[in-house]
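For reference, Swiss-Prot has these:
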SITE      Lys34  site 'Transition state stabilizer'
BINDING   Gly69, Gly70, Arg91, Asn197  substrate binding site
SITE      Lys258  site 'Transition state stabilizer'
Amino acid sequence: MSDLTELTAEDKANVLVEALPWLQKWHGALVVLKYGGNAMVDEDLKRAFAEDVVFLRTAGLRPVVVHGGGPQISTMLDRLQIPSEFRGGLRVTTPEAMDVVRMVLTGQVGRELVGLLNAHGPLAVGLSGEDAGLLRATRRHAVVDGEPVDVGLVGDVVGVDPRAVVDLLAAGRIPVISTIAPEVDADGNPLHGQVLNVNADTAASAIAVALEAQKFVVMTDVAGLYRDWPNRDSLVREITAGDLAALLPSLESGMVPKMEACLRAVRGGVPRATVIDGRQAHSVLLEVFTTSGNGTMVVP
């Protein structure tokens, strides 16, 4: 039954009863959600995701949302007629493009999600990796044909100061974090106020580790991890960190950063990390509060 209105009163009660042990298990748990994929561009899925996050908070969990915004950045660059290209899987980010990245992530994607969440009450607060020194990053290069290639203002997260997020959680808020980060040198000192565009999957993983999250969830546009894509019978429901590390070299390129993020989270102390299908409405609730779960879970 796909529509809740089709359920009988007894069916609805059974749904709630099934959720009870999971409500008990996860009460008070800190959960980091990486928001992305089709759930960021489909209006119905946006609203469903916001409802899921508010449900988590109302049920006593402590959700933290981390987001990127690749499609929205590309759309704005095209609209402003700013050239954009990818090299070695990374967006070449010029200073002009970085202004757009900053504007779109913090001023558009983040604000929209905060608005959707706050439609249910004054709960969400938006911030970026720049705020209160939340993220620190160093510049990285792409690798093309085995050679390093300069891709401009693109970085890797090398440090997280979670205190601002902890304060927001203590105040009962839902932090919504956009993934840009101040550039630092090898000693961690800021470099001339420059900011870098960082991968949202890896940033979310680093934030989950720094917050000592009990759960890390990454939204994708597939049902989970497949051992032999596109063979849909090869969907993996659960995998250990060791087995995932061995499987990474054979994965489709689009899944690599997401599975690497899960691997880093689990190896960093997060008890479980899950990749879920963001194309399915309320996929977060299905993962957290049902016995069958959703997607692929990575465990130590």
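Glycine is treated like the rest: Cβ placed from N, Cα and C.
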Quick one: among the binding-site residues Gly69, Gly70, which has the most Cβ atoms sitting within 10 Å of its own Cβ? Gly69
Sequence gap of 6 or more, Cβ distance under 8 Å: name the residues on the same chain that satisfy this around Arg91 (substrate binding site), in order along the sequence. Gly70, Ile73, Ser84, Glu85, Ala97, Val151, Val154, Asn197
Restricting to the same chain and to sequence separations of six or more, state which residues have a Cβ under 8 Å from that of Lys258 (site 'Transition state stabilizer'). Asp201, Val218, Thr220, Val275
Taking the mean position of the Cβ atoms of Gly69, Gly70, Arg91, Asn197 as the substrate site, which residues outside that list, in the same chain, have a Cβ no more than 8 Å away, listed in sequence order? Gly68, Ile73, Ser74, Thr93, Val101, Leu105, Ala200
Looking only at Lys34, Asn197, which of these recorded positions has the biggest number of Cβ atoms within 10 Å around its Cβ? Lys34
Cα distance (Å, whole number) from Gly69 (substrate binding site) to Lys34 (site 'Transition state stabilizer'): 11
Need one number for the substrate-binding residues Gly69, Gly70, Arg91, Asn197: the maximum pairwise CA distance in Å, whole number please. 12
Gly69 (substrate binding site) in three-state DSSP notation: coil
